[in-house]
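Look at TrEMBL and you will find 381-398 tagged as compositional bias 'Basic and acidic residues'. Residues or ranges marked as domain 'EGF-like' by TrEMBL: 781-822, 823-865, 870-913, 914-950. Look at TrEMBL and you will find 964-1032, 1043-1111 tagged as domain 'Thyroglobulin type-1'. The disulfide bond annotation in TrEMBL covers C1001-C1008, C1081-C1088. Sequence annotations record features per position, and here TrEMBL assigns compositional bias 'Pro residues' to 1026-1039. The repeat 'LDL-receptor class B' annotation in TrEMBL covers 1181-1224, 1225-1267, 1268-1312.
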Amino acid sequence: MPRDPTARRPALPSPPLPRLLMLLILLSRTAALRPDELFPFGESQGDQKVLEGDDESSAAVRLAIPLRFYDAQFSDLFVGTNGIISTQDFPRETQYVDDDFPTDFPAIAPFLADIDTSRGRGRVLYREDTSPALLSLAARYVRTGFPRSAASFTPTHAFLATWEQVGAYEEVRRGAAPSEELNTFQALLASDESDTYALFLYPTNGLQFFGTRPKESYNVQLQLPARVGFCRGEADDLKREAPYFSLTNTEQSVKNLYQLSNLGIPGVWAFHIGSRSPLDNVRPATVGDLSTSRSSAPLEPSFSHAAALGSDYTEDNLDYYDENEEEVEYPPIEPVDGHSRIDVSFTSKTDPGPVESGTLSPDSDPASLLPHPAPSGWPSYRERELALLDPQTKERESPGAIETMDFKDQVEPLDQTGTGALTPLEVDGDSLAPAQEDTENRSIQPYPNRGAVPSEPDGPAPPLEGKVLPDHPVSHVPPQSRGRYVIGAEDHVSANAEVFSYNAANKETCERNHGQCSQHAFCTDYTTGFCCHCQSRFYGNGKHCLPEGAPHRVNGKVSGHLRVGHTPVHFTDVDLHAYIVGNDGRAYTAISHIPQPAAQALLPVMPIGGLFGWLFALEKPGSENGFSLTGATFIHDMEVTFYPGEERVHVTQTAEGLDPENYLSIKTNIEGQVPFIPANFTAHITPYKELYHYSDSAVTSTSSRDYALTSGSLNQTLSYRIHQNITYQACRHAPRHQTIPATQQLTVDRVFALYSEDEGVLRFAVTNQIGPVEVGSDFAPVNPCYDGSHTCDTTARCHPGTGVDYTCECAPGFQGDGRSCVDVNECASGFHRCGPNSMCINLLGSYRCECRSGYQFADDRHTCILVTPPPNPCEDGSHTCAPEGQAWCIPHGGSSFSCACLPGYVGTGHQCSDVDECVENRCHPAAACYNTPGSFSCHCQPGYHGDGFQCTSAVVPGGSITGLKPCEHQHRYAQAQHAYPGSRLHIPQCDDQGNFLPLQCHGSTGFCWCVDPNGHEVPGTQTPPGSTPPHCGPPPAPTQRPRTVCERWRESLLEHYGGAPKDDQYVPQCDDLGHFTPLQCHGKSDFCWCVDKDGRELQGTRSQPGTTPACIPTVAPPTVRPTPRPDVTPPSVGTFLLYAQGQQIGHLPLNGSRLQKDAAKTLLSLHGSIVVGIDYDCREKMVYWTDVAGRTISRASLEPGAEPETIINSGLISPEGLAVDHFRRTMYWTDSGLDKIERARLDGSERKVLFHTDLVNPRAITVDPIRGNLYWTDWNREAPKIETSSLDGENRRILINKDIGLPNGLTFDPFSKLLCWADAGTKKLECTLPDGTGRRVIQSHLNYPFSIVSYADHFYHTDWRRDGVISVNKDSGQFIDEYLPEQRSHLYGITAVYPYCPTGRK
């Protein structure tokens, strides 16, 4: 049944009738903005003109009144050629035109790209305007977009900039005509004394190109989409993390600018960009709805403006207005090195119910939308809900009075299936923040992009057994599953009924809650509830269980606010890593990057690392270590008092659960005062013993400790006292474990503390045992299992026997004799519980299951069930679109859909009316037009024949002269027809020979078009009156001779260099006939050499500076001198990244998976080269690379003093991707100039072409040497794809060809066995199994990736927007870190260098 669209909306005051009529007029439009509807511009309007050129800007325009931008005021504006306005003069375009937001200067960018107005290609105009007509029109636009906050906005001044028919920068090529793709757009800034609004206008067909190529892209075919948005530009560091707002990030999003709108008029966009009131970021208008798009992938519950712009809209499927209005979402701010980055997106609600959902005010206060709990004084959800009830009847008013906001990508909580939404009330831009809910029923869920999202269950949730203290969220159990066991047990209840009572109806049972237990635990029901217990050979608290005998790892962050002596020292989120050898109680802790004074002073504070000794201490008979009690969630509070100065420091360590790899996560905070220790002193602590006292959910310990500070002959002994308190949540339902004594003794046999200033690392090491309190002295021999002197493997459990005898048993997930244990591959051996439609992924000592695409886990976490598709309103007929013959229904997943009128109809999609095409003059001038519903027809008038769109004369008028050509016949006939009143026939124009002129123009209408020799119109060439006529000349004559190798190579390199090579860049010198000149030099440098007729260098002729070789054949060459060796810096030991950056190869070390940016350096300086592809041979320790400038493939050993060696120097044009197979000693590469994929031995021998057909733009290539597979990408814009074959070129097939755009980077992970790629078109990082199944998205918001490599649990890719290396976590998809080289230029290939060769099984 039809729905009342106002049923759920609160009543609002009616706007004045004239403003309401204007709003209805503006919102009822369906046609896009026409060129003649732009704001008036031109010299006649008083416009000034920016000088023609590639990188020009206007003089400073002094404004009559200052303009507000963000929260600042500016009196001057500058207009730049490159589609940008600023409050200051622009830097060189290379510093900003190819970069993404944020810029490092204030920017207002309606179309930021490399624009060039040279050679009369368009103009850039600007003026300040106070005319009432222009200000009135601007005010109406603004009020339409912001009907509440700007209802009374009356601008007093406006600044208008117009880019008319401007073109993209292009390299000048001989015989090549400039592109005819030209853009027209406007930006208007309207302001009064307190606010500034920006309007961006894009008329129909005003955008004909959507991005530009970087000048430094060489011949690597990349096009960066134009940027549209704003930036305050106040940051001055390299990262430039200033507040900014970005509207586009893909080519498709730029294409759709003129088709969409945020105020209801396609092509018109409004933004609030400055205010006297606080304005954290630009706020867009949200009155006009962006239609959702048709997509092959299901849409997320909410989507953004950027996502809508990025969808592939066409005139046929575009729905300008959707029933669901837009919301503005401001995700949490993430600090990045002291700066804040705010990413703003707009979400459209997708209510699964059959009733329309309410919407937020278009002027919502951004602060009210931040996803954080409200102050306790604000009303609760229930209070607000009751406030909506009628006070008399208590009946609910329209639910629309409550407006909800959705969050993107919410993570399902561990023990709850429902998710709630925050519900701010909105009144003219002022909203009540989300209410503060009962913390007992709330979990803090990780927000995929940044921060944390509060989540509410649909109903009351049972209290979590073993829950951490308030404000300490429970971490998720790892997504692994080997089965859980539920057993019954005899109830243990005190006989005193007055002491203990319970309600059996509300008792929590294992049947409902066993999912809270670890995968290695069983669940037991007791009288009052359930408890989890670890299975045999595992230990923990049941919620978290770890294998006995296996080593464990801890990852965490440390922050501190200390006073060292009298000096304050602060540090935030420095890294902590610990490694524990479980079978002998050793614990090693390393804390990185603590400032030197604090690290030196913390040397005596052993309990920071000693906590892990207690947690994982070696257990003596009848004792349990800390992890057996606390599991992975607890709080360790410690107070240390130093003597004699009585300085006090407080340490809090909060354990937050196990991550998917079973690593313990912990946060440490240190506050207080510590004694100063000079830099040259070391701390020594003797072995000690301390007592721990156990009670329900708490462990305490108090002890004193001496430590010695030594430096040479100086030795000073000091002491401190420690109070420790460890709190955790024990299961209250199980009976107390009577065998564990109330007091246990921790024996620390070995103690070690060291600070390395060179590394910046503070280290602790302890060896621990936990056992009963020792009484007296007993000199009986100690079993090796208890003192760690056994010889069991580090992944084995030591079982004590009689006396000093013992046995070794490999930990679960490992196999061997106990002295030597290796990992069990459960996936390969079949010892796993992953069900059908799932994938088994092997882990060290374990495995995990993942469902294939289209499936999801059942409750048992190892069975994958089909995801039931939601109902489709477009199929079941429940949609509200116009009748089938007038509109189509476009599904968007779930119950969401949009409507679009069919061609020939116009309207909202819900209501469509016929378009009268006859009014648009679509028929030939000599034809009659007949309109029909949804269409029209054309019929030639009497005396003409044709299809109505093209009519030619069928009769030659009387008195005509025989022998006339067709143009002359039609010319005379049309002239005769003009004698009749009202005739609109076109009189053809003929040349002196009687042939049709290529350009024809209608004398009365002003339309012009091109015709072929028969006089027929060339489709697509018609231009409207007043515009520039089309170019109808003949194509340029072909060159007299084909280009030579020298000329082709020269053009290729000029394309590399962006048309203007630098002084030290090599360009081949060719003579008038196209032959290589005998003498070749690097640009304007003195590095020269002789070449043969094919351009190959003659050995021994390369000169030193100041000496020019004689390259005339009759003159002997000068004395042979060795070629200067590039600067080879041997790398350090360990894992590191190598990246290509133009004329050098960079070296970036890794600490674990973290980028050691301070240790980055140049590995190879390769003068005159352009390195693109790069890979590493782990066996011979050599790096290989492709050079598109030298058209070569080379290699160099990483040993000190090694010389680079060219191994292939012929038969290449543009070698790009490169892959090394260290097993078979072969290499593979792509050549985008020859469209080939080739193979050769690592010394360049046995070269073979594998593929030379069905390739358009091959780029990335990677190899799986274990399984013998080759993979490569082809970013053919018409049909991009990823292909695979055997290493011999057999069994070639397409692996991926759907939903990809520009797959630039490709990598095969030998550990996870996944093929992953980075796509500069879709902005996604995706992975799939080697057979193309199991495809999943890791990250969907990349900038402009070029190359990618996988190592450990991270991806590392080079990025052309940031000109740096960016790391992405494999599991969460989050951006972790980035490295930006000091020398800014594009980075190409990247590879990881291991200290060993990766191994694997087929």
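Here the Cβ of each residue, glycine as well, is placed from N, Cα and C on the backbone.
TrEMBL annotations: computationally assigned, not manually curated.
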Most Cβ pairs under 8 Å with the domain 'Thyroglobulin type-1' (964-1032), selected from 781-822, 823-865, 870-913, 914-950, 1043-1111: 914-950
Average pLDDT across the repeat 'LDL-receptor class B' (1181-1224), rounded to a whole number: 89
C-beta crowding around C1001 (disulfide bond), within 10 angstroms: 16
For C1008 (disulfide bond), nearby residues of its own chain (Cβ under 8 Å, 6 or more apart in sequence): L999, Q1000, C1001, H1002, Q1022, T1023, P1029, P1030
For C1088 (disulfide bond), nearby residues of its own chain (Cβ under 8 Å, 6 or more apart in sequence): L1079, Q1080, C1081, H1082, R1102, S1103, T1108, P1109
Outside the repeat 'LDL-receptor class B' (1268-1312), six or more residues from its ends: residues with CB under 8 Å to it: 221-222, 250, 296-297, 841, 1217, 1219, 1221, 1224, 1226, 1228, 1230, 1237, 1239, 1248, 1250-1251, 1255-1262, 1318-1322, 1327-1328, 1330-1332, 1335, 1345-1350, 1352, 1355, 1357-1358, 1370, 1398-1400
Composition by DSSP (helix, strand, coil) of residues within the domain 'EGF-like' (781-822): 4 helix, 15 strand, 23 coil
Per-state residue totals over the domain 'EGF-like' (914-950) - DSSP helix, strand, coil: 4 helix, 16 strand, 17 coil
C1081 (disulfide bond) CB neighbourhood, other CB atoms within 10 A: 17
Counts of helix, strand and coil residues, the domain 'EGF-like' (823-865), according to DSSP: 4 helix, 18 strand, 21 coil
Structural state census, the domain 'EGF-like' (870-913) (DSSP three-state): 4 helix, 15 strand, 25 coil
The repeat 'LDL-receptor class B' (1225-1267), counted residue by residue under DSSP: helix, strand, coil: 0 helix, 23 strand, 20 coil
